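Notes follow once the structure below has been shown.
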Amino acid sequence: MALNKKEELQQQKETLQQAVSFALNIAKKAGAEAEVAVTKVTGLSISTRLEQTENIEFNNDGSLGISVYLGKRKGNASTSDLQPNAIQQAVESALAIAKYTSEDECAGLADKELLAFDPPDLELYHQADINVDQAVEMAIQAEHSALNFDKRIVNSEGASFNSHSGVRMYGNTHGMLQGYLSSRYSLSTSVIAAYNDQLERDYAYTISREFNQLQSPQWVGEQSAMRAVKCLNPQKLSTREVPVIFANEVATGLISHLATAISGGTLYRKASFMQDKLGEQILPNWFEISEHPHLLRQLASSPFDSEGVRTQDREIIKAGILETYLVTSYSGRKLGLKSTGHAGGIHNWIVKPNRTGGLETLLKEMGTGLLVTEMMGSAINGVTGEYSRGASGFWVENGEIQYPVAEITIAGRLQDMYQNVVAVSDDMELRSNIQTGAILLEGLKVSGE
């Protein structure tokens with residue numbers, strides 16, 4: 001009897017578990033401490049353009065990475081071949097490298113007491129048997145909806161559907177050996193609208209660990225078309241200082257700069273504008289960010305980080321005060337701190353809203369100002385916090401959108417921008433590792449003509 005997809009993945013998990021154990025045993029026999037991470041991902045990627053199939057791609061990729069520690073000397077190696085001979089060669093390569101590296105007092109495995117020996121099941125895998133015909137049909141439907149939404153939609157940059165499932169295993173010589181299955185499905189389309197000789201493009205997408213939680217192809221197509229049409233005939237702004245709303249999907253970027261600034265690697269290198277800010281108020285006293293790594297079925301959920309450290313709920317910002325840095329085992333030792341489980345990134349940051357009624361509430365509160373819906377490029381000085389990014393969006397007067405604007409630059413210092421946050425709406429962007437509504441800031445410098 002043929003195995004279903006989940007049963008196949010469970011078998012793969014057992015095989016990968018054996019591969020990790022095999023690698024660890026070789027390292028231990030050589031007198032080394034070691035950690036091994038291995039992933040196996042299979043998937044289907046479909047792209048269409050102008051309602052014709054353009055590309056069909058099947059993926060079946062695996063990789064194993066090993067770090068060994070001979071005392072305080074570290075060596076790394078990796079292989080995409082998961083056969084025993086290749087794994088043995090990778091371990092031996094890592095051991096050879098470690099013999100020639102300098103000693104580093106902060107090198108080593110994560111502390112044993114921090115490891116996730118009994119991780120929770122976060123329901124990150126959801127089987128959906130999508131064949132090529134179904135995938136192509138969904139992409140074509142999305143494009144069709146976009147191209148027929150408005151006569152000003154004149155071209156398409158294509159649509160794509162992706163379905164991926166995989167296994168992740170992690171083990172180390174402290175005795176941890178854990179793993180889990182995961183899945184991810186997405187559908188997107190991008191189209192071009194025209195007004196006279198002027199063209200504007202925009203896109204829309206839906207993504208989830210559960211296929212049946214995706215938005216419909218019609219929704220994706222219509223959203224991309226509506227967004228493109230709204231951007232037609234943009235005007236330029238003269239240089240001015242105005243209130244600015246970052247729409248939820250670009251507000252995530254504003255918060256991600258904070259995550260970078262409070263990350264251990266940036267801090268121990270003295271390359272952060274958040275140096276020595278732990279315990280200080282860096283945002284208004286109502287502002288809160290919390291992290292929830294164990295939310296079920298979420299894209300950024302994880303039971304443990306890439307070093308095997310168990311993830312846990314924690315306050316990042318409480319009453320505007322910075323409650324924690326984000327450190328790995330290595331950066332934590334550099335800073336004299338314990339790992340916070342952030343090797344590999346952040347997990348479901350939630351920015352608490354202080355306004356209801358979604359974006360409309362913020363528009364009315366702002367009155368006159370700029371609504372930013374897209375950011376381009378990036379000139380951010382991590383040491384000083386100086387911020388300058390290209391942007392486009394809409395000019396707002398009396399709480400109502402008046403016309404699209406483009407070719408503008410927003411500039412300021414991130415420290416000041418965070419202190420000048422006025423409100424966060426409750427229309428949360430849920431497709432990111434940072435979940436936030438739109439964010440309203442007081443007077444930012446906007447440069448245009």
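A Cβ is built for glycine as well, from the same backbone N, Cα and C atoms used for every other residue.
The feature domain 'Metalloprotease TldD/E N-terminal' is assigned by TrEMBL to 34-98. Summed and averaged per residue, pLDDT over the domain 'Metalloprotease TldD/E N-terminal' (34-98) gives 97.
Annotation comment: TrEMBL describes 126-232 as domain 'Metalloprotease TldD/E central'.
The domain 'Metalloprotease TldD/E C-terminal' annotation in TrEMBL covers 239-448.
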Within the domain 'Metalloprotease TldD/E N-terminal' (34-98), how many residues are helix, strand or coil going by DSSP?
15 helix, 42 strand, 8 coil
DSSP residue counts for the domain 'Metalloprotease TldD/E central' (126-232), split into helix, strand and coil:
33 helix, 50 strand, 24 coil
